[in-house]
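See structure below.
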Number of protein chains: 2
Amino acid sequence: MTTQIQTVAVVGTGVIGNGWIARFLAHGYDVVATDPAEGAEERMRKAVDHAWPYVEELGLAEGASKDRLTFEKDLSKAVADADFIQENVPEIEELKQTVLQSIDQHAKPDAVIGSSTSGIMPSELQANLQHPERFVVAHPFHPVYILPLVEVVPGKATTKEHVEKAQGFFEGLNMKALLVRHEIEGHIADRLIEAIWRESLHIVNEGIATTEEVDQAFIYGAGQRYAQYGPFLTFHLAGGEGGMRHMLKQFGPALKKPWTKLEAPELTDELYDKVVSGCEQQAGDLSMSELDQNRNEFLVRLLDLVKEYWPEDQKKEKV
Amino acid sequence: MTTQIQTVAVVGTGVIGNGWIARFLAHGYDVVATDPAEGAEERMRKAVDHAWPYVEELGLAEGASKDRLTFEKDLSKAVADADFIQENVPEIEELKQTVLQSIDQHAKPDAVIGSSTSGIMPSELQANLQHPERFVVAHPFHPVYILPLVEVVPGKATTKEHVEKAQGFFEGLNMKALLVRHEIEGHIADRLIEAIWRESLHIVNEGIATTEEVDQAFIYGAGQRYAQYGPFLTFHLAGGEGGMRHMLKQFGPALKKPWTKLEAPELTDELYDKVVSGCEQQAGDLSMSELDQNRNEFLVRLLDLVKEYWPEDQKKEKV
């Protein structure tokens, strides 16, 4: 399987699909996108225009151009010549399986197929494909054109060579292609995000704090650290010279304390309204695009800063 | 209660207590520290020396000096002249109550007493004090001399004027003094951190991923965002134009899916070893102080960067 990836197809052009498109274009690929929704092409081109200044600041590959993006209503035509196909349709298992079967049917047999699913396991999604060996979950993070992580999750039928081709492709997009070696609902990252999310909903649901207070309690302390070190190395460092060994002695007992809730709250209308109005209040006079621009300008600079300090790169430098 | 805070006492000089000392000194206070442990003064002075370059980079107040730190073995003498006293003894409720009673007994009656407790509720800690009205939980984040958050949690007996005095004092230390309006175990931030931590332990415990993989799955995606926006505004933005309203429709159903575990795992010897050795492996050849320096250099620069982008400051600019 020596095919070089030259053309990429994107199936489903929502927030995630459009983020992928900007990233693929910025790295010099020809991109064919498809989506059955009314007005999808216009929204897609707007989204790519919006992302473009940020991908330019991060650095364009030679020959990278927005002109290399085409929209093709017919899925079968859109995927026909692609070497890599990324599926980003809504998170409904039946829908994803139907779309993936049609991609599998019309794509070149050795084209790699990735799915952006947040939580569905690859073995379930590849179950009914003619060529399941070339299917992987490739789960990115919003905004996809800035954030480096993609979780690459092979299913039972996925072959090693296709996993490696996918990983190599994503690394070529300047991404951190994390191989998730065991299938699990939510993969890895979304399990942690979901845990934060459920606990945050409990706190708001019980009237302990507003959404803004919960966000402040996170970003001004823990959040500052998590751009660089994860939950484990953070505690390892908090333990002083004793590291994690000391931390587990000191905070191990907290595992038995009611420091977090363990069921998800009912998403009642009341909770729904608390959360929605809380966020709208937080946004204040800022429009969604002002908030979005503010986040992006920050992330581009943060990314440039944090790169110098990632622990594994420090290790490499030391070796 | 018009007393200006001039002298601060720090009771308990572990990682957190020493972090407070560096922050108090950097903002021009006289600091008296006490700790019964053998060699505590030497460790304290080392810790302050270690922190000093970072607090210098963040900016020293006029007259700020390490020479304004004294160590006093006798707790009753250490707290006698203090206008503000911060308690940082180990997270054992009985021990904290005993120490707080002795602080309460020897301190000036209008001195404010703060406790760094990670999870104990203030009403329990103030229950046996002669002057409970001046006690608050004041929970900071490691490294205390860099990170801005302090959760200020009043107990049932705490008066408004003492809460405001504490908040004003912390804001004068260039901190985000978040008032936690309702008592709850773990306050707010540690409930979110504990949720991430428990889920991370489950993933490692079940052999899904190593500690390093879990950390990578967090820092290269979600963690990059959490330095700026918390769980709510992050989802609000991920929803595109529809914001949180759209997100709850799209991801509300995930609350019913097994995307996170809901009990803490048994902290077995096997799990203990997996976590400890996993972290030591992550650290590689880097010493604890190299890791620590790397984190601090990063956080100082990150803090400077992220300040320009904090949502509430953006709102202020707009108004």
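Keep in mind that glycine also has a Cβ here, set from the backbone N, Cα and C atoms.
Per TrEMBL, these features apply:
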- A:G12, A:T13, A:G14, A:V15, A:I16, A:G17: NAD(+) binding site (BINDING)
- A:7-181: domain '3-hydroxyacyl-CoA dehydrogenase NAD binding' (DOMAIN)
- A:186-262: domain '3-hydroxyacyl-CoA dehydrogenase C-terminal' (DOMAIN)
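When secondary structure is read from DSSP and collapsed to three states, A:I16 (NAD(+) binding site) falls in the helix class. Proximity to chain B (CB-CB distance below 8 Å) holds for A:V15 among the binding-site residues A:G12, A:T13, A:V15, A:I16. Least crowded of the binding-site residues (A:G12, A:G14, A:G17), judged by neighbouring Cβ atoms within 10 Å of its own Cβ: A:G14. Non-local neighbourhood of A:I16 (NAD(+) binding site): A:N88, A:S116, A:P140, A:H142, A:V144, each in the same chain, at least six residues away, with C-beta under 8 Å from its C-beta. Summarising the environment of A:V15 (NAD(+) binding site), the number of other Cβ atoms within 10 Å of its Cβ, over all protein chains shown, is 20.
Using a 10 Å Cβ-Cβ cutoff, A:T13 (NAD(+) binding site) registers 26 neighbours.
Across the domain '3-hydroxyacyl-CoA dehydrogenase NAD binding' (A:7-181), the model assigns an average pLDDT of 95. For the NAD(+) site, the Cβ centre of A:G12, A:T13, A:G14, A:V15, A:I16, A:G17 serves as reference, and the other residues of the chain with Cβ at most 8 Å from it are A:V10, A:N18, A:G19, A:W20, A:D35, A:N88, A:S116.
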